Amino acid sequence: MAQRDGQWPYAAGSRELKRAVREARVLTVGAGGIGCELLKTLVTSGFRHIEVIDMDTIEMSNLNRQFLFRKRHVGMSKSVVAAEAAKHMRPGIDITAWLGNVKEPRFGVDFFRRFDCVLNGLDNLEARRHINRLCLAAGVPLVESGTAGYLGQVSVHLKGRTECFECQPKPTPKTFPVCTLRNTPDKPIHCVVWAKEMLFPLLFGVPEASDLNEAAAADGEGAASTADDPTFYRHRQGEGSRQFAERVHLYGTKIVELRRMEDLWRNRRRPEPLDLDVLLLPAADGSGTATAGDSVAIGGAAKPVDVASSACRALGLKDVHAVWDVPHSAAVFLMAVQLFVDGRSNELGSAQFDKDDALAVEFVTAAANLRAACYGIPMQSLFETKASRLSNIIHAIATTNAIVSGLIVVEAQKLLAGAAGSCQTSFLHQQVCSKRLVSRMAAPEPNVACMVCGTAQAELAIDTNKMTLQQLVDRVRGGQIGFKVKLDSFLDPITTRQQQHWKDTLLRRLLAQLPGGGVVHNSILDIDDQEQCFKAQLIVKHREDWNSDQHPEGFVLSGGLPTAQAEQLSAEAPADVGGRRDGRNDRRGPMPAHAGASELAALQETEDDVVLLASDDEEDATEAAVCTGGSIFWILFK
């Protein structure tokens with residue numbers, strides 16, 4: 001179709017566009033709040049060839065806003081049910097549903113090249129970065145979107161023409177999707193927010209404020225089980241506080257119900273239920289046995305329990321930095337519930353979480369640790385829980401999703417009409433701004449300093465005397481950069497002596513102690529992840545004064561460096577830099593001369609996932625090179 005950059009919206013009603021829409025192959029990623037609205041808008045706008053990917057299953061809490069789903073669909077695949085619903089709206093369309101994680105190898109660059117455009121409706125920052133890089137590698141236009149309550153945004157990303165999704169830094173999200181918190185947590189903070197924002201109001205506050213309130217989420221369709229009835233979590237007249245505490249222990253039957261959702265655990269580890277009878281500590285410990293007016297054994301002496309103060313004090317748990325094991329977490333959970341019921345009954349039904357409320361923090365810590373134990377997530381101490389950033393949940397608004405989905409389809413139509421120059425970034429506001437609810441701006445040009453679509457440098461501040469190579473790869477890869485490759489899959493099956501040397505010695509070695517002088521101040525890390533179309537240089541800045549509250553990851557990644565500084569750093573390196581077979585200079589250079597023959601052999605042979613090299617024989621693989629002055633140490637990711 002001829003270029004019509006200056007003819008939008010006149011091309012909107014053209015026969016050419018209608019034909020292009022009918023013939024276009026479109027990929028939608030996500031079948032949740034935005035995805036349901038997007039599929040509806042696509043099929044009613046004339047799109048006939050659609051594929052949709054989603055890894056989640058339908059929950060009761062989805063039904064009030066994800067209108068393609070009904071109560072009978074709970075536990076089924078979102079993508080499959082959404083595709084079937086779309087077919088009922090427009091029989092004869094070609095729509096394919098994929099159940100899986102978009103980061104799986106089967107959804108690689110070749111898969112993305114099959115489409116004319118990709119429409120993203122994800123709520124996960126890491127996955128959105130991954131989609132961005134695949135679209136860049138495949139040369140496919142990406143229409144990105146996101147919502148947060150009444151706010152929404154839609155942007156278009158064209159390789160080499162507009163900025164990519166990562167051209168501008170994205171803050172680490174401090175809010176979390178409800179579906180992740182409810183069913184598939186994978187971080188300690190997920191468990192903490194679940195306990196604070198969901199379980200606490202359900203037991204002690206306003207039940208309607210909790211997203212565990214399944215009956216409210218189902219919009220009056222009824223509860224799926226006894227535990228799904230919000231009245232189940234309220235203290236009943238005549239019920240003892242201990243009896244109530246044991247009844248609302250959710251880590252047995254509710255986890256068993258979740259385990260039955262087969263599709264949800266296709267690519268995840270199933271959670272393990274906790275049997276309360278097994279967890280209860282012996283009565284001699286005085287754990288979980290005290291109620292109002294009782295005495296408990298603390299340090300061998302019977303002391304009265306202050307029913308309004310502290311479960312930890314009642315149980316003799318004095319060290320706020322200690323991480324409780326599962327039995328002690330269960331004991332604190334039961335004791336905290338009892339103390340709330342017996343000592344603060346006037347607050348039941350209206351209590352609000354306060355981080356300065358010792359009993360509330362103890363309850364949240366215990367509840368979060370029990371949930372973490374079910375999912376195999378590291379547990380936290382009372383101090384860590386109180387110091388963590390307790391974030392609010394994103395409450396999805398159906399109207400916001402509908403407006404954003406319409407904006408997505410408009411931008412997709414511009415692309416198909418050949419009017420890419422008319423593509424815009426749209427912002428949906430909560431209140432009218434400059435007499436408009438939706439404001440727009442021209443799609444920005446690429447950022448030349450972007451670490452993904454451009455050649456960029458950035459500073460990586462770390463303590464090279466405390467961080468190991470394994471920690472560097474894990475934290476930076478999973479944080480602000482987001483490598484796709486993982487070391488974990490290769491570590492377990494290691495059997496040979498050379499591979500064991502790699503695992504036991506190099507991965508655990510401090511950065512400053514790596515061969516060739518180590519990774520130290522002003523070392524340069526070259527990162528080239530070809531599968532995700534990702535390339536950058538990181539200048540290491542050694543730093544020892546860390547505030548663990550401000551920087552819990554132990555590193556800070558900050559913007560681009562001036563070119564002159566990079567040239568200066570390169571000029572400081574000795575001149576004996578190795579050459580490439582194609583005649584071009586290669587900054588990687590040879591391995592240090594003092595490295596022993598056995599160490600070099602270990603560097604040259606490992607499993608397929610990760611290889612340490614002394615040369616550039618594997619040019620077609622993904623590499624992360626660590627350049628340390630005159631000597632070079634680098635890792636190759638396949």
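Each residue, glycine too, has its Cβ placed from N, Cα and C.
TrEMBL entries are annotated by machine, without manual review.
These figures come from a predicted structure and were not determined experimentally.
Per TrEMBL, these features apply:
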type	residues	note
DOMAIN	18-450	domain 'THIF-type NAD/FAD binding fold'
BINDING	30-35, Asp54, 62-65, Lys78, 123-128	ATP binding site
ACT_SITE	Cys179	active site, glycyl thioester intermediate
DOMAIN	346-386	domain 'Ubiquitin-activating enzyme SCCH'
DOMAIN	460-546	domain 'Ubiquitin/SUMO-activating enzyme ubiquitin-like'
REGION	568-595	region 'Disordered'
COMPBIAS	578-589	compositional bias 'Basic and acidic residues'
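Cα-Cα distance from the residue listed as 'active site, glycyl thioester intermediate' to Asp123 (ATP binding site): 10 Å (rounded to the nearest whole number).
Residues 185-188, 190-192, 194-196, 199-201, 204-206, 234-235, 251, 255, 269, 271-274, 308-312, 320-324, 326, 329-330, 332-333, 336-337, 339-340 of the same chain lie 6 or more positions beyond the ends of the domain 'Ubiquitin-activating enzyme SCCH' (346-386) yet place their CB under 8 Å from a CB of it. Working note on the binding-site residues Asp54, Asp123, Glu126: by count of other C-beta atoms within 10 Å of each C-beta, Asp54 ranks first. Mean pLDDT, taken over the domain 'THIF-type NAD/FAD binding fold' (18-450), works out to 84 on the 0 to 100 scale. When other Cβ atoms within 10 Å of the Cβ of Gly30 (ATP binding site) are tallied across all protein chains shown, the result is 29.
Asn64 (ATP binding site) is surrounded by 15 other CB atoms, counting those within 10 A of its CB over all protein chains shown.
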